[in-house]
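Listed in TrEMBL:
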{"type": "DOMAIN", "residues": "231-349", "note": "domain 'Cyclic nucleotide-binding'"}
{"type": "TRANSMEM", "residues": "473-492", "note": "transmembrane segment"}
{"type": "TRANSMEM", "residues": "504-526", "note": "transmembrane segment"}
{"type": "TRANSMEM", "residues": "552-572", "note": "transmembrane segment"}
{"type": "TRANSMEM", "residues": "625-645", "note": "transmembrane segment"}
{"type": "TRANSMEM", "residues": "679-696", "note": "transmembrane segment"}
{"type": "DOMAIN", "residues": "810-911", "note": "domain 'Cyclic nucleotide-binding'"}
{"type": "TRANSMEM", "residues": "1003-1022", "note": "transmembrane segment"}
{"type": "TRANSMEM", "residues": "1028-1046", "note": "transmembrane segment"}
{"type": "TRANSMEM", "residues": "1075-1095", "note": "transmembrane segment"}
{"type": "TRANSMEM", "residues": "1143-1161", "note": "transmembrane segment"}
{"type": "TRANSMEM", "residues": "1237-1260", "note": "transmembrane segment"}
{"type": "DOMAIN", "residues": "1340-1457", "note": "domain 'Cyclic nucleotide-binding'"}
{"type": "TRANSMEM", "residues": "1597-1618", "note": "transmembrane segment"}
{"type": "TRANSMEM", "residues": "1654-1680", "note": "transmembrane segment"}
{"type": "DOMAIN", "residues": "1840-1940", "note": "domain 'Cyclic nucleotide-binding'"}
Amino acid sequence: MVAIRSLTYACLSWFILHLSACVWYLIPCHSWSFLFEDVILCSAPSWIYSGYNATSDPVTVYNFTEKSMTNKNIYAGRFDHGLGTTNWVIVNATVAQTYVYSLYWTITTATTVGLGDVHGVTLGERIFSLFVQLEGTLVLFGLIQGGITSMLTNFDVNQFRYKMRVMAIIKYLQDQNQPSELARVVTNFYRYLWERSRGMSSSGLFDQLPFALRSEISMELTGQIFDKSPLFQNINASFLRMLSLKFRPMLALPDQIVMQRGELCDLMVYVQKGELEVLSDDELEIPTMLMKPGKLVGEVNLITRMPRKYSIRAIGHCDLVVLKTEDLMACLHAYPDVAEELRHRAEERAGMSHEQADRPHEGVLASAETFESAKQKKQQKDLADRLKEYEPRMGTNMRSLLSSFKIRRPQETLKISKSMELYRIRDPMDELVEFHTSTLSGRMKSRYRSLRQAYGDFSIDPDGLFYYFWERLIFIVIIITFFLYIYVAFFQSYDDLFTSTSGYVILTFGYIMDILVAVDFGFSFFKQINTANGKIKDHGATVAAYVHSAQFWIDLAALLPLEILVVGLVLYPSESENDFYTRQTQTLGYLRLNRCLKILVIPKFFDRIQNDLTTSTAMVRLVKFSIYILVSAQLGAALLIGGSCTPSMCPTDKAVAWTAPVPPNITTDSTSEDRYRAALYYAVTLLTTTGYGDIFPHNILEQCIASAVMLLGVLVYGYAIAVLTATLANLDGPRVEFQDRLFALKNFMEHNKMAETVKQRAMDSVALLWTITRGEDVPGVKSMTYDLPAHLTEEIQVEDLIHLVAGVPIFKNLEEHILKAFAPAIQRYLFPPGEFIIQHGDLIHELFVIRRGVCQIYHPEHASMVIGELHPGMYFGEIGFLFNKNEITSVKTVTHCEVLTIPRSEFDKAVSGVRWFSHQMTLIGQNTRYYEDMVSAARQAKPLVKKKREESLIRLTKAQKRRLEFRDDFNSLSVHYLTYRAYRLLLNYTFAVDGRFLYISEIIRVLESTLLFILVLIQVTFDIQEVWYFVILYLLDLYAMVDIYIKFHVQYYNETNVLVTHPYMTARRYLRSNFWLDLLAVIPLEMALLFMPGGTTLRPDLIRWAMYLRLNRTLQIYRVPLAFAFMEADIKREQATTFLMKFTNYFIIVVFFAMSMPLIVDCDLDPCGIDISLCNATSFNYTATRLCMDSSYLNTTNVTSADTPWTQFVVGFYWAVTTTAVVGYGDIYAASSNERVLFLVTMITGYGFFGYIIASIAAAQANSDARRSRFFDRLMAVKQYMQHEHLPKKLRERILHYYEYLWLRTNGVDPKTLIIGLPPSLTAELALQLYKKVIEQVAIFKNTPTGLKKMLAAIVKPLYIMEGEYVIRVDDTGSDLFFLFRGTIEVHYCNGVKSSQLVRTGRMLGEVAFFTNEVSKISCKAKENSDLYYVTRTEFDNILEHFPEIKDSLMEELHAAMEKDDEFKMNTTKNISRDVVTQKRKGYRDSLAAVRKKKLPLKQWGKTVMKHTFRPDDQFIRYFCRYLVNALRVISVMVILYQPAFAHYADGFYVIHYLLEVVFFVSHILETRTGFIDEFGNEVMARDRIINRYLKTKHGLLMDVITCFPYEIFTLAFPPFFRRKAWAYLQLIRVPTRLYCVIRFFKQWLAELDINVLFVRLLYTITQLFLWLHFFACLAYYIACPDGLCASESSWVSRTELRDDHEQPDGYIITLYWIVTTATTTGYGDIVPRTNGERFFICLVQVMGKFLFGIIVGDIASTLANLEISRQNFESKFQAIRTYLLDQQANQSIIDRVQKYFDYLWTIDRGVDDIQVVLADAPFCLRTEVCYTVHQRDLRELPLFRDASNAFIRMVSAALHQVQFVPGDYIIQQGDLVEEMYFLHRGEAVEVDNGVEKTVLRRGSNINWQALLIDWPASRTVRATDNCEVYVLDRREFEQVVGKYKEEMGNICTTNRIRLRDLLEEEKIDID
């Protein structure tokens, strides 16, 4: 997918460039301009021949008629135009030359390099260049780069999420003080999981596939197990297929015991990957045998369950496939014959007869014992006895010492059976026995074998410490080699180097690096191969893997000594020896370039580091792309210099090569460093698209090279920005997602008007989840360690279990395995200070144990009385846990607390097998006396009294008491006296870390640091010595000192998340962190000058020294990123303002630093040095020290040291902005080699900085739209499904309207998901606050206990119903109870009677069916959009068990309601009968269609039209009032801005203006007659409400009056000659309001759900772009030509033909051309600003242009990324399955079938495997209506459902699940044991019997219908012959539906069971 899209983008880019080049050439050279063959006539002046060199006379006015048309082309004959006239020129060039010439311009323009050597001259050319610039920006940098960004974002998302989870787990383990070895094991497990399956567990991987395909895959994967096991050979194929589904993957970690000696065997293990070792049966457990992949153990013990004699341990990560006895027995239940056969085989394999079946047996491994092994053991025992004598001397056990050696020992093959071939491992004792008991030759063989083994064991561990440093050393060597050899080959040949010692040093250094690379080449043969299951150390495998890799050939090519070919060079006859020597040395440099090939291995090096889960991907990518940028710059410089020069000589003709002109002025006297700097500078200007134009190509070859370098820059830099965007988006994605949930909760609470304290508590609790676990661990929702193996989870939970056992008495006697059983059920909650853990009256079935922190217990009757404190290890909540009663006390946190909880349900499951303990728990729960004693003790508890300080008799104020406590705290500390005196200077209070004061302080500190940084740099750069300037600086220094003092008092959280508030601790922490750097940044170093000789004299040189010494203040800038990190760390704050402030600060810092550094470097200090006495007033000429300005880049614009600092600052600032924004007009360029170095650094920094900004914008937009994208994906899936099923149009519209309504009401947020994961008490309180009104509106719940309300609120779910939709239908199952909160409901009875009374707020719906467990006898239909809440029966019954009195009240109300309804129905039926009789007597028509329509009079028709109200979704209103009117508003704004700026007051503008005003006025009238959608989604059509809304809203009447007010009447007050101008200026008042209307229109459009988001966003952004460009163009022209007078000699128009009289459109086109070239960063340089005001203005244009185009890239990238989220997730599922199948070496045909299935599934339903999941958002009645419409025809064709009611069919259809089959897939196979029935809904299938196709099945056919009634294997095989759409009905779901329709289904089931019995009897099957 990535390769295809990359190729698509490459082809699209090339097509655009090619097409643009062709059109560009055709503009002056038409195809009809041929005079004769091979001679082309082109118009002049044009871009191809302008008649003069623009760079030679930048101020000369364009006057082409006065210029002679001689050849002034800059390519000096390489592209010869020949001779021409004033209008035409003959081009004497080949087609290739003209194409390259045009393509070169197209590339420079589309890539926004804009060197300026070729640019548009005529208006037509400039207009076309506008399109090419926008085309390049929007397509190349917008669509293509945005597409690549979206692709990378979705491609990387899994890796980033996985890494973040692993880092959160590691942090959690560190926080829990777990041993580092455990953290290493966990990290290795996740590393293994990532390498094997990209982090996806194989468990449940195939659940999405159809059952038949799933069984085939499992049979394919486990078939080799059956082949290897004699136990399962020649067994029923159907049984094996069903059994294969029972196999489960298992991962064994290194050193994990897989099978324990002595335990009963109930497990068969197959080694799939990795190795197992069999341990000896003694206490040493020495490995004796090895089990390699493909081995099987334990198959017999599945049947016999014999105890194991040996333990089996994993060597490394092992992939095992296991089968448990219980799974085998479950499968054998349906295959009794197979069960008997397996038992018989197992007894034979175990050597047992039926009589010996009960005798214990040693197991299979015991048969491996032989006489030889017994003899060997005797020899070992004898030798062990001899060694035992030496043990006292050695001090250790010799055997255990030998066994601990980690060496590879020889193995002996031991064939036990066909299924079990082991490898016996030679014991170290065997070596000793053989050595001591054998002959001399035997001993020599043993020695030889040891030496050979030592050589065989030599290998290099790629994860070892040695290779870690070695790999990085080689990386540095490769980088140095690349830069060195390219420099020597292209810039300084060896003939120059050999003339000095340095040359030989460089040559020697090069060969030393070659030796290192050669050694690395040798190491590569011995480098171990990393696999998921371990490392391959075999030499043959490592050598073969390396030789067959591409890296081997790269390394080999890089090591070849090609320089020996220099010997073969011959001396030409006409060549001197010096020239021959020069040619030899140059050739030597070129031949040694093969060493640079090693740079190709750099990507692999970075990929290896990046794949490490513990490394920062962002940091790795930053370093990687920094290297790529440097490499591309070096490569570009080499290409550019190599196309023009040799290493020792460059052309001197200025018309031939780029090196000759000034700049760069490379001559024969130029050094190699000068050539290198110039080439590197030129390359960077092309790569970064800056394109100053001071250096440009001078021939066709140079054009081709320059074009290649530009495209290389676009590729490298564009890809870098794309990767950076993807990285930022994925790094910030979890935060934004979590913050989105947090703000959704905040908005929801504000909407429901919750108390401020509750809101703050909820926000703090949610924020704490992010602070501690980064949202990876949410209690009750997800666990960060959910995929860890069970034994690792238990090991992690050991400490938690210790807390439980130590703190809770009832757990102390539990066995260890029982405790471990409920270890996974332990949940960890985090509580901020002041939060209630439980509250009085709560019913929480959990036991709480404090792990960290302190809590307080409050009295049950006096809520403010503290009666006790709880510390770590203590528990509470036992009343709810043991007695199922409401809590009687409240527990509140004092500090941050970590609390462990155990749910009672999970606890009961864990101890269910321990009868004595379960019985004990039951007795405790029934012990009422114990409960009453606890309640009594709580009520009689006394207040907690803490030990207080002795108080003084003198009354003290609060401040004095605080100081006294502060002093006492110090007295209790053991501190030094001086330290004590120093700390007495501190305040006696500290500042909260999340307080507002500290937040504002950090903002001020950012502003102060940035301002001080700027002012210090400006002072040093421009030598500002005014006193007021120093005063400002020292005031800023003073604030910095105050900030240091504040930092001593900032609270912090320690490593245990406890808030530290004592000043002593906060001060000590600050002293140990940033204090010394802050102190260094404020020390007045300039004061040292006072102690120097002559330092007391205020002289300019002294002041200048003081300026330089003040540069230490710039160190304070380090506080800026720290401050922004602090502000962004608070998840509870909006980040938009921080984002804007951060990048504004960074931009200012970068620009001012770039502006200052060249001037600071160029301008040295005074020649006196530090000794001021060496200078005196007469000898020192201070003005001479500022002459550096005359040789700097400022002088390129004639700015010298004589100009004012203000002028110097403006020009410097202008250059810095144009360079960092990579516009690069070229009017200012580097004046020296040193400046070129600084310039290229500035260009790279600026490109990277703005790339970072663009990436951040794109990342923010991508993450902010994720929720909408997910909801939109569901909508698209529903739309595609409805179109696929051809649902009726009205039903489709209803469903789409409902989803739009649901989005309007919820914005894709489920309120229930907002509070999940919070502590139980807070969750209950929040739920009660949210739904209290809902509950209390129901009369019966109004006065119920708070505990009931909380429990009820916890299970209530919202339901939004649109007008006309059903809530309940007749005969629906009453499984839900509804509460009406808002709206009205109509009630229809089963006999068709409609209730005259509407159900309003506070009533229950469906209570009769709900409580009686019967089908509903009424239908409830929404009369308007209504809000309901519902509870399910199961959850509600659980609540009523605790409140039986409420249950009785509900039943009483239920009976009263039923009696009332029966009475009403009886009365209504009588009335209806009477009305019908009356109507018939009066002769009323039954049909309204028979009534003749009357024609309305014209007057009445007009009144009807005037009273007509349009619907809000009316097509006329949409297209006229929205699309057309807003498009006209944009045109109106552009016209209004154009007129005063260009002083164009033509009469046509008045006509256009008033026509537009008429249209706007009509739209305002229509607005008062158009309905609207209120906040509840209701369509409001009432005129009074429409008018009222129009009058009161800010975008109604007020806005229309401001917009349409006739401001023109004020022109009458002006003189006649000024009225046109005044009219134009007064029109400007309308601009803000019309722009507001346009913005509002686009925001409303984007808020709609069913739209093309990418199109609307692009349209919105492009509209903004053109408005900004138009505004800047108008402003630029107005600055230069106020009132249309362009007479200024110093403005930008002096370079253009606008200086003289010109047409207004020409002025607009040329101005817009300049603005676009600036905003797109093309910057040709043909038009540049000339004044300070113009420079500031153009800086604004450049910055806005970067941001606007950044937003475009961000819009495209974010929209494409979000549109492809579902596709990416779908592809991830398929890739996980494909990777797993490839890893398991599955047959390629199976993989192809899986791929076809996924392709078809995406094509049909966009990857939605079950549409019921998507339709779950719709109301139940609407969902069942859709299902009924789709399936009722298929269901009716089944005899089982032929006589069923519509209600039953509707319920059954809702239980169907969709499955897709591709041709060739089996729908079901004979013998399959499935509890599913299949309906063929679309496509064709055939019945297959022994490979022969029999019956063709089409739509409506049912398959395996008997599975709904009985357990029996499938009786036939069905295979799909076409793409088939099948619906599955599961038996369990069918039985649930049947249970609700017992009366109806009783007869049906009886009848069809008889039919089934008859059928099976015919087939001779006994179902009894």
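Cβ coordinates are placed from backbone N, Cα and C, and glycine is handled just like the others.
Just so it is clear, the model here is predicted, and its values are computed rather than measured.
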Quiz item: Between the transmembrane segment (1143-1161) and the transmembrane segment (1003-1022), are there three or more C-beta pairs closer than 8 Å, counting only pairs 6 or more apart along the chain?
Solution: yes
Practice problem: Count the CB pairs under 8 A between the transmembrane segment (1237-1260) and each of 504-526, 679-696, 1003-1022, 1028-1046, 1597-1618, then give me the winner. | Solution: 679-696
Quiz item: When the pLDDT values for the domain 'Cyclic nucleotide-binding' (810-911) are averaged, what is the result?
Solution: 84
Quiz prompt | Secondary structure content of the domain 'Cyclic nucleotide-binding' (231-349), with strand meaning DSSP E or B | solution = 36 helix, 38 strand, 45 coil
Quiz item: Between the stretches 504-526, 1597-1618, 1654-1680, which wins on the count of C-beta pairs under 8 angstroms to the transmembrane segment (552-572)?
Solution: 504-526
Self-check item: Intrachain neighbours beyond the transmembrane segment (504-526), with Cβ under 8 angstroms and 6 or more residues off its ends
Solution: 458-460, 470, 473-474, 477-478, 480-481, 484-485, 488, 494, 497-498, 539, 542-543, 546, 551-552, 555-556, 558-559, 592, 595, 598
